[in-house]
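Here's the structure we're looking at; comments come further down.
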């Protein structure tokens, strides 16, 4: 099998909705969260995730949710994304407990934390993403009668451009501390775009601000994902998504960048570290996945 060229389906000004290109990966992750919610002993329950899948009409994800797997291999990616979801949930809970009242979810996708988490009074949650993605989420949650548990503000913007101005125009206060999440975004950015993203976040972050990042230390290699499915037949990584063609090879280390730009960075953890902290024993398939993805979960403060 020949590995597709990395980023071959991308361009500097490409766009997408929730069922195409990078947007579909948000739907895929929502599917994994929905599967994790119905698995034994879930770390988190995102009951909105299944509504996004139903509304999308995607045949692959609809079929998977209709007949969820039960083996360790079948639950591998739902389990790993359950761990990731818990990490970011805990981050925002801790930020709120510390008195931070501005949360910014970068590349919000189908994130439902504004509706799921128990936010302190007077908290504003800013969700930054492309307009088509935000419109889909608002429509689906509106049809469900969902009510956010904080003041939720949509910021329609391309994260490869200057999104800081739309954020400030939406009411973001640069003089007040903020909590930022960058979840599942970095593989889809070039190195230059990643630097620009962190530069803008740093420029908007008052003293006392915090950031949480989920990153990968290696590229999303098509051959490795295929080999994983061959060696663990229950694993179904992505349906027909070609991650190699949608992502770029990582060059910069986010933790090193933050440390060099005025952030105090906590010890970096991987998925296996998080699982241990949640009292879980990672199955062999999880160890293998993290062996080639080299996950990084980063928290830092100013």
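Placement of Cβ uses the backbone N, Cα and C atoms for every residue, glycine included.
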Binding-site annotation, Swiss-Prot, S-adenosyl-L-methionine: partner of 158, 159 in 129, 173: 129
Secondary structure of residue 158 (S-adenosyl-L-methionine binding site) (DSSP, helix/strand/coil): coil
Same-chain residues at least 6 apart in sequence whose Cβ lies under 8 Å from residue 129 (S-adenosyl-L-methionine binding site): 107, 108, 109, 155, 156, 157, 159
CB-centroid shell, 8 A cutoff, S-adenosyl-L-methionine site 129, 158, 159, site residues removed: 107, 128, 130, 157, 160, 161, 163
Largest inter-residue Cα distance among 129, 158, 159 [record-listed S-adenosyl-L-methionine binders, Å]: 7
